[in-house]
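Everything below concerns the one structure shown next.
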Amino acid sequence: MFEKTLVLIKPDGVKRKLIGKIITFYEDKNLIISSLKMIRANDKIVEQHYVEHKDKPFFSDLINYLTEGNIVAMVIEGENAINLVRKINGATDPLTADMGSIRGMFGIEKQRNLVHASDNIDNAEREIKLWFPKVENEK
Ligand code: CMP
(Lines of atoms letter the chains of each structure in order from A; the text may use other names.)
(Lines give C-alpha, C1' and ligand atoms only; values in the text may rest on other atoms or scores of the structure.)
Protein backbone atom coordinates (compact mmCIF):
# COMPACT_ATOMS: atom_id res chain seq x y z
CA MET A 1 0.00 0.00 0.00
CA PHE A 2 1.25 3.51 -0.86
CA GLU A 3 1.75 5.31 2.47
CA LYS A 4 3.06 8.51 4.04
CA THR A 5 5.06 8.58 7.25
CA LEU A 6 6.62 11.23 9.47
CA VAL A 7 10.32 11.06 10.20
CA LEU A 8 12.34 13.23 12.57
CA ILE A 9 16.12 13.42 12.58
CA LYS A 10 16.64 14.21 16.25
CA PRO A 11 19.13 16.79 17.63
CA ASP A 12 21.93 14.20 18.03
CA GLY A 13 21.59 13.25 14.34
CA VAL A 14 21.83 16.90 13.29
CA LYS A 15 24.76 17.66 15.65
CA ARG A 16 26.66 14.58 14.48
CA LYS A 17 26.28 15.76 10.83
CA LEU A 18 24.35 12.63 9.85
CA ILE A 19 21.50 14.36 7.96
CA GLY A 20 22.82 13.46 4.51
CA LYS A 21 23.69 9.87 5.40
CA ILE A 22 20.30 9.29 7.06
CA ILE A 23 18.32 10.69 4.11
CA THR A 24 20.38 8.54 1.73
CA PHE A 25 19.16 5.38 3.52
CA TYR A 26 15.55 6.28 2.64
CA GLU A 27 16.24 7.44 -0.92
CA ASP A 28 18.34 4.36 -1.66
CA LYS A 29 15.21 2.26 -0.93
CA ASN A 30 13.26 4.32 -3.49
CA LEU A 31 11.27 6.27 -0.89
CA ILE A 32 10.30 9.86 -1.69
CA ILE A 33 11.04 12.81 0.60
CA SER A 34 7.92 14.88 -0.13
CA SER A 35 8.27 17.56 2.58
CA LEU A 36 11.31 18.57 4.63
CA LYS A 37 12.23 21.33 7.07
CA MET A 38 14.74 22.08 9.82
CA ILE A 39 13.24 23.50 13.00
CA ARG A 40 13.96 24.13 16.66
CA ALA A 41 10.94 22.49 18.29
CA ASN A 42 9.28 23.83 21.46
CA ASP A 43 8.02 21.75 24.40
CA LYS A 44 4.40 22.01 23.25
CA ILE A 45 4.83 20.34 19.87
CA VAL A 46 7.12 17.61 21.25
CA GLU A 47 4.69 16.86 24.12
CA GLN A 48 1.87 16.51 21.57
CA HIS A 49 4.05 14.37 19.34
CA TYR A 50 4.95 11.94 22.16
CA VAL A 51 1.54 12.07 23.90
CA GLU A 52 1.42 8.26 24.17
CA HIS A 53 4.61 8.30 26.28
CA LYS A 54 3.42 11.00 28.70
CA ASP A 55 3.25 8.63 31.67
CA LYS A 56 6.64 6.99 31.01
CA PRO A 57 9.46 7.72 33.47
CA PHE A 58 11.67 9.01 30.63
CA PHE A 59 9.08 11.51 29.30
CA SER A 60 10.66 14.74 30.62
CA ASP A 61 14.14 13.62 29.48
CA LEU A 62 12.65 12.90 26.07
CA ILE A 63 11.16 16.42 25.83
CA ASN A 64 14.49 17.99 26.88
CA TYR A 65 16.34 15.89 24.31
CA LEU A 66 14.05 16.78 21.38
CA THR A 67 14.17 20.50 22.24
CA GLU A 68 17.93 20.81 22.84
CA GLY A 69 18.79 21.66 19.23
CA ASN A 70 17.59 21.70 15.65
CA ILE A 71 15.70 18.75 14.23
CA VAL A 72 14.82 17.80 10.66
CA ALA A 73 11.17 16.89 10.05
CA MET A 74 10.23 15.02 6.87
CA VAL A 75 7.27 13.41 5.22
CA ILE A 76 8.37 10.25 3.44
CA GLU A 77 6.19 8.48 0.90
CA GLY A 78 6.24 5.17 -0.91
CA GLU A 79 5.02 1.57 -0.96
CA ASN A 80 4.74 0.33 2.64
CA ALA A 81 6.57 3.47 3.74
CA ILE A 82 5.59 3.11 7.42
CA ASN A 83 7.08 -0.34 7.99
CA LEU A 84 9.91 0.14 5.52
CA VAL A 85 11.12 3.31 7.25
CA ARG A 86 10.91 1.60 10.65
CA LYS A 87 13.02 -1.27 9.34
CA ILE A 88 15.56 1.16 7.89
CA ASN A 89 15.68 2.99 11.27
CA GLY A 90 16.14 -0.24 13.25
CA ALA A 91 15.01 -1.14 16.79
CA THR A 92 14.77 1.61 19.44
CA ASP A 93 17.82 0.27 21.29
CA PRO A 94 20.95 0.46 19.08
CA LEU A 95 22.23 -2.67 20.83
CA THR A 96 19.42 -4.76 19.35
CA ALA A 97 18.99 -2.83 16.07
CA ASP A 98 20.07 -4.68 12.92
CA MET A 99 23.62 -3.69 12.00
CA GLY A 100 22.50 -2.49 8.54
CA SER A 101 19.95 -0.06 10.01
CA ILE A 102 20.52 3.63 10.86
CA ARG A 103 20.43 2.95 14.60
CA GLY A 104 22.48 -0.22 14.21
CA MET A 105 25.18 1.65 12.30
CA PHE A 106 25.23 5.00 14.09
CA GLY A 107 23.18 4.65 17.31
CA ILE A 108 24.92 4.88 20.66
CA GLU A 109 22.15 4.83 23.26
CA LYS A 110 18.47 3.95 23.63
CA GLN A 111 17.05 7.44 24.15
CA ARG A 112 19.40 9.40 21.90
CA ASN A 113 18.65 7.15 18.97
CA LEU A 114 18.95 9.63 16.06
CA VAL A 115 15.59 9.20 14.35
CA HIS A 116 11.86 8.88 14.92
CA ALA A 117 9.30 7.38 12.55
CA SER A 118 5.52 6.95 12.84
CA ASP A 119 4.54 3.45 13.95
CA ASN A 120 1.13 3.10 12.26
CA ILE A 121 -1.24 4.79 9.80
CA ASP A 122 -3.19 6.72 12.45
CA ASN A 123 -0.06 8.07 14.09
CA ALA A 124 1.46 8.91 10.70
CA GLU A 125 -1.59 11.02 9.84
CA ARG A 126 -1.61 12.68 13.27
CA GLU A 127 2.15 13.39 13.25
CA ILE A 128 2.18 14.73 9.67
CA LYS A 129 -0.63 17.18 10.58
CA LEU A 130 1.27 18.23 13.70
CA TRP A 131 4.64 18.93 12.02
CA PHE A 132 3.29 20.00 8.62
CA PRO A 133 0.01 21.86 9.19
CA LYS A 134 -2.41 21.78 6.27
CA VAL A 135 -1.46 24.86 4.27
CA GLU A 136 2.25 24.02 4.21
CA ASN A 137 1.59 20.40 3.31
CA GLU A 138 -0.62 21.20 0.31
CA LYS A 139 1.13 21.09 -3.02
P1 CMP B 1 11.14 7.04 19.20
O2 CMP B 1 11.10 5.95 18.21
O3 CMP B 1 11.15 8.43 18.76
O4 CMP B 1 9.90 6.84 20.21
C5 CMP B 1 9.91 7.18 21.57
C6 CMP B 1 11.26 7.61 22.03
O7 CMP B 1 11.45 7.52 23.42
C8 CMP B 1 12.32 6.64 21.48
O9 CMP B 1 12.47 6.82 20.11
C10 CMP B 1 13.52 6.99 22.35
O11 CMP B 1 14.13 8.22 21.94
C12 CMP B 1 12.82 7.19 23.69
N13 CMP B 1 12.82 5.97 24.50
C14 CMP B 1 12.16 4.81 24.27
N15 CMP B 1 12.38 3.92 25.25
C16 CMP B 1 13.18 4.54 26.15
C17 CMP B 1 13.74 4.15 27.40
N18 CMP B 1 13.52 2.94 27.91
N19 CMP B 1 14.51 5.03 28.06
C20 CMP B 1 14.72 6.26 27.55
N21 CMP B 1 14.22 6.69 26.36
C22 CMP B 1 13.45 5.85 25.68
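Including glycine, each Cβ sits where the backbone N, Cα and C put it.
The model shown is predicted, which means the values in this text are computed figures rather than measured ones.
Taken from TrEMBL, the feature active site, pros-phosphohistidine intermediate covers His116. Classification of His116 (active site, pros-phosphohistidine intermediate) by DSSP places it within a strand.
The feature ATP binding site is assigned by TrEMBL to Lys10, Phe58, Arg86, Thr92, Arg103, Asn113. When secondary structure is read from DSSP and collapsed to three states, Arg103 (ATP binding site) falls in the helix class.
Within the model, the domain 'Nucleoside diphosphate kinase-like' (2-139) carries an average pLDDT of 96. Taken from TrEMBL, the feature domain 'Nucleoside diphosphate kinase-like' covers 2-139.
Considering only the residues assigned to ATP binding, Lys10, Phe58, Arg86, Thr92, Arg103, Asn113, the longest pairwise Cα distance works out to 21 Å. His116 are the recorded positions among Lys10, Arg86, Arg103, His116 whose C-beta comes within less than 6 Å of an atom of ligand 1, given in sequence order.
In this structure the alpha carbons, written CA, of Lys10 (ATP binding site) and His116 (active site, pros-phosphohistidine intermediate) are 7 Å apart. Here the CA atom of His116 (active site, pros-phosphohistidine intermediate) lies 16 Å from the CA atom of Phe58 (ATP binding site). Neighbour density for Asn113 (ATP binding site): within 10 A of its CB lie 23 other CB atoms from the protein chains shown.
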